[in-house]
Structures are given as C-alpha cells and as structure tokens.
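Feature list (source: TrEMBL):
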TRANSMEM  35-58  transmembrane segment
TRANSMEM  91-112  transmembrane segment
TRANSMEM  124-145  transmembrane segment
TRANSMEM  157-174  transmembrane segment
TRANSMEM  194-219  transmembrane segment
TRANSMEM  231-249  transmembrane segment
TRANSMEM  256-280  transmembrane segment
TRANSMEM  300-321  transmembrane segment
TRANSMEM  333-354  transmembrane segment
TRANSMEM  374-396  transmembrane segment
Amino acid sequence: MSAMTDLLARSVARVPGRPPGGGHPRPAPVGALLAAGWAVLAGALPCAAIAVVGWFATTGGTASWAFRVGVDAWLSAHWVPIALSDGRYHLAPWGLTALPVLLLWRAGGWVARTAELRGGRDTSLAVASLAVAYGALVTLVALATRADEAAPDLVRAFAFATLLAAVVGGAGTVRETGHAKSFWERLPEGVRAVLYGGTAGLVALLTCGTLLVAVSLVVHAGRVADLTRSLAPGPVGLVLLLVACLAYLPNAAVFGAAYALGPGFAVGTGTVVAPSGVLLGSLPAFPLLGALPVTTTPPGWLAAVLLLPIAAGAVAGLAAVRRYPEYGVETAATRAGLAGVAGGVLYTLVALLAGGSVGPGRLADVGPPAAQTALIAISTLGIAGAVAVLASRAAARWHVLDRLPGRRREAATEQDAVDED
C-alpha cells in the first residue's frame, strides 16, 4: 500500500520534464503522448486507490471489483455512459470532473513549453495530438475495465475524452504560447463585451444555485443526518460518502439554479422539484438527496428565490457595459441584453451536461428539462440585463440633474425631451 501511495504522489505532483541537459525540444506528437499518458495515470490511479481503500474497510466485493469501481467513477467524470446489468449510469460528478480538467490544462501547457511551436499549424498539431492521444488512452482504460455488470461505452469514451482534451488541453496550450490574449484582442469589442458579460452572468446564476443548496442543506440537516446514519457507513465509509457528496455538489448547484429559474429539475422519471410544486418518488439513500424540498416554496421565500435569476441577468448586463464602456444608450442596452442571452445559453449547456441517468427505472431521468430551461434562462437573463443597464443609466442621469442649479437642470431636461423626439 505504501508503494502505491508513493507512486500516486509522484504521478500527481510532477508533469513529465523537459529533456535533460536542456536538449532540443521534443516533437509535438511525442510530447502530447507523454502528457496524455501522465494525465490519464494521474487521474485514474487516485480514483482507483480511493475505491480500494474503501474496499479494505468493507466486507463485500473483491479488490479488482473495487479497482474497477474507482476507474468507472473516473470515466463517469468524462461523461462516459456505463451500461449496468439493469440500466445505465450516465451522470458525471462535476466535482470529480475538475480533476481531469486541471490535469489536461497542465498537460496542454507542458506540451507548449517543451515542443517547438512556431505558428498556428504547429499549435494545431500539438492540440490535435494531445486530444487524440488522451481519447485513445481513456478508451483503452475503459476497454481494460469492462465487465458484464458494468461496461463503459467505448465509442463515447473516445469521443468525450477527445473533446474534453481538445477544449481544455487546447486552451492550456494556446495560453502558454501567448496566442490567447492576441486572439481575444482581435475580436470586436462588442463580441468581447457580450462574452465577458455572459460569463459573469453564468457565474452569478451558479452562485445563486449554490446559495440555495447551502440553505437547503442547513434547513434539512436532520434528514441528511438520518440518511447518513441509515447507511451505517463506519469511519472510512463516512469519509467516502462525504467525498461522493462533494463530487456531486456542483451538479446540485446547477439544479439549484434551475429551481430558481422556475422549471426546476427531475430526480427520476415523472418527478419534479420546482417552486410551484414538488413530486418525488422513492429515492436512494444518498445523503445529498436529503436536502431536496418535500413541499412547495413558502410564498414569503418564493419572491426572493425567483429574483435570483433576475439579479444574475443584471450582473451580466452591467458587467458587459462597465468592462467595455459604451456611451450610447441603445447600444449599451443591446450589448447588455445580448450578454444576458449569452449567459442563458451558457447555463443551458451547463444544465444539459449536469443531468443524466442513474440506473434503471424511475431514476433514468435526472436533471432540468432542456427546452423549458433554455427558454426561461435566455429570456430572463437577457431582459434583466438590458433593463438593468437602462435603469442604471436613468439613475445616473437623474443623479447628475439633481446636482445642477435650477436653470441648467431645466435646460438639460428640455434637451433630453428634444433628443427623445
């Protein structure tokens, strides 16, 4: 066990180094293969080790079974569906997804530092090599751990892992080469304003979802504790349960944002958790599910909950026009509205990726409803962004007028009337 721990510590802490003695840079495909191999090992081995440690503390299964469970959890973090004997598991734990994202970011940066990338073609070759190598290695891991009771989808393993490596590893490579800043600055200012504001709106909306989850955990702490005690996990099992809950906490934050928007989310086919009503069936004894509300939101809290997405849209609009100032009112309102729309689109994509399936029967449908979520998120954030900017401009205008002497104030007001005509 100590040897395994030493191996994990070395693999996670160190990216493959530059050739000894400051030699010639490696060819990009070679560096990409090394970086992809490091990212796979540093991601899969810790997950497998944690599962094996959990197996030592229990009496069921075998060490090889526990190893496969850990690797399957790592594969799930890549959105890889796993066919079970009585259903399908396809719900990526976003907290665990942060591990391959971080590793691929570092791997992409390392490839850029150790390879000789002279231009866009070399950079594209490096990114493509990293993506294909990572996708192939993840597929090999999925193939090696396949079993009758749990069989990862090999085609989607390659597709999703390759896409993740291309996006995240490619971003790390481009950032390390210094091309990211120049690419951003070449975009039209209006596009940059919309993207910046949309990202700010997404962060604000997810923050609102996190706040709702935190409040619900506090309010329903007794139920969460009862579910935990019913599992009788023991000390090691309790730690593993906490890790599992933390892994799915980001998904819960996304679902919390969907709750604030209004459509809510499902925790099984035919179920709904929304401010307008709650309909739940039988649920697994997973502590995080104890935070689910069992009744409709009280009227006093309903208004506060529904105001959260409006505040997120206002953040999107104000961030867009303050980071990239535009003094024309119509242009500023348009940019702000489009920033809110961008935030809604980004959230819709996030909501789609956060949902999925958890086994057979009723639990085959988990997450926000796609069409309703998209419609409400885009419209709410877009309108709120534009209105927030118009309101801030009007407030600023009246503040200036209040500080003017009477005659000049009247003249300015008359000029405003002429401008409106």
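Glycine residues also receive a Cβ, built from the backbone N, Cα and C atoms like all the rest.
Whatever TrEMBL says is automated annotation, not expert-curated.
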Looking at 35-58, 124-145, 157-174, 194-219, 300-321, which one has the highest count of Cβ pairs under 8 angstroms to the transmembrane segment (374-396)?
300-321
Is it true that the transmembrane segment (91-112) and the transmembrane segment (194-219) have 3 or more Cβ pairs under 8 Å, skipping pairs fewer than 6 apart in sequence?
no
Counting only residues at least 6 beyond its ends, the same-chain positions whose CB falls under 8 A of a CB in the transmembrane segment (124-145) are 28-29, 31-33, 35-37, 39-40, 44, 67-68, 71-72, 75, 78, 80, 104, 107-108, 111-112, 115, 117, 152-154, 157-159, 161-166, 169-170, 173-174
